[in-house]
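Taken from TrEMBL as is:
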- Leu75, Thr76, Ser135, Asp164, His167, Tyr189, Trp219, Asn247: pyridoxal 5'-phosphate binding site (BINDING)
- Lys190: N6-(pyridoxal phosphate)lysine (MOD_RES)
Amino acid sequence: MKMKAAYTLLGILSDFSQKKVKAYLDEELDMWARRGVHGHFSGKHPWALGDECIVELMADIVGARKEEVALMNGLTVNLHLQMYAVESQLQLHGLDVEKCMLMIQPRKGEETLRIEDILDIIEKEGDSVAVILLSGVQYYTGQLFDIPRITKAGQEKGCYVGFDLAHAAGNIELHLHDWGVDFACWCSYKYLNSGAGGLAGAYIHEKHSQTIKPALIGWWGHEFKTRFLMENKLQLSPGINGFRLSNPPILLVCALHASLEVFGQTTMKALRRKSILLTGYLEYLIKHYYSEDKANPEKPFVKIITPPKTEERGCQLTLVFSVPIKSVFKELEKRGVACDMREPNALRVAPVPLYNSFHDVHRFIEILGSAITSAKQTANNAATS
Ligand SMILES: *Cc1c(COP(=O)(O)O)cnc(C)c1O
């Protein structure tokens, strides 16, 4: 599992949500100063209900019902709680990772997975598989998987089907409930802008609300009505809410709240509509200016490894270069572009529809041109010296 910091095309962070974060934090710090512990149950947003006050905004973003979503922990913690941080859970239970974990790889010479290969593995191996876990959008290639189709195929074989939506939440339209996805989790600090280490999300479909129970139980999973009686008699909240362990961290709630309110002013449908055009524009310009020219082998070029079909990608494009990536990245940074480099040879750029414009994309293309030229120059100099 790879971790990474937020990356945006031109590093223009959404100013409006940052302002709200500060206001909300100030409000809670003030409350803390004036009321101390009583902030737990009084005030506009009692801390004990901090997460529940904003969960509906999050549910809208992933296409789930309010009762199907909980805001808690970090993403990896939620993967563990939902019992599927796979390798580590297999080891914990004394199972052989080699034998018990089936990984899907792209075909030789290809960068992304073919849906027919995923469905084929499910068809062949599904009878012996308990849980299928995939990312919604693959972090390296930017490939978006056909979540409803994979869900249906897996469930027909009797598997639970879940998704790590770290790169999908706030990026693409999701309909977790309608698609019947069994479980999912995601972090909120990539496309959802909640700040490093922000509060993560987790989902379990309502059809499992009485049957899927947490293996590890904490007092916050206890029904609110009787939670504070401390009678030592568990009344577990149904579904994902029963998986909650601890008090919600109110300062993280503030940051997430500010961001989700900005998302609440639009819809994922509208953002996605702009996103398809914005990423399409970026793709068009890259191909137009920086494609490989067989007649001119000296000309440096850029290749896009993200799938070309809009339904197979979100806003991110992953680029590979004919010139050394490290110097392209350095030249871009020098010119004020914040994007993300992955060894050995990939640069991830993500024009984000919430706050990047078509003009930003155009500017990026111009800057990319001069960065590539400088990188090529550096490589030539190194070769001749
Ligand atoms: C970002 C990311 C994570 C990060 O997990 P944290 O627990 O929030 O640090 C995990 N998985 C994937 C696929 C990611 O992209």
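For all residues, glycine too, the Cβ spot is worked out from N, Cα and C.
Given the structure is predicted, the values throughout are model-derived calculations rather than measurements.
Cβ neighbour counts within 10 Å, taken over all protein chains shown, single out Tyr189 as the most crowded of the binding-site residues Tyr189, Trp219. When Cβ atoms from all protein chains are considered, those within 10 Å of Thr76 (pyridoxal 5'-phosphate binding site) total 17, not counting its own. Checking the binding-site residues Leu75, Asp164, Tyr189, Asn247 against ligand 1, the ones whose Cβ sits under 6 Å from it are Leu75, Asp164. Sequence-distant contacts of Asp164 (pyridoxal 5'-phosphate binding site), defined as residues of its own chain at least six apart whose C-beta falls under 8 angstroms from its C-beta, comprise Leu75, Leu79, Leu133, Leu134, Ser135, Gly136, Ala184, Cys185, Trp186. His167 (pyridoxal 5'-phosphate binding site) sits 7 Å from Lys190 (N6-(pyridoxal phosphate)lysine), counting Cα to Cα. With Leu75, Thr76, Ser135, Asp164, His167, Tyr189, Trp219, Asn247 listed as the residues that bind pyridoxal 5'-phosphate, the site has a largest C-alpha separation of 31 Å. Look at Thr76 (pyridoxal 5'-phosphate binding site): DSSP puts it in a helix. Of the candidate binding-site residues, Thr76, Trp219, Asn247, the one lying closest to Lys190 (N6-(pyridoxal phosphate)lysine) when CA atoms are compared is Thr76. Asn247 (pyridoxal 5'-phosphate binding site) counts 14 other C-beta atoms within 10 Å of its own C-beta, drawing on all protein chains shown. Tyr189 (pyridoxal 5'-phosphate binding site) falls outside any helix or strand according to DSSP and counts as coil. Trp219 (pyridoxal 5'-phosphate binding site) carries a helical DSSP state (H, G or I).
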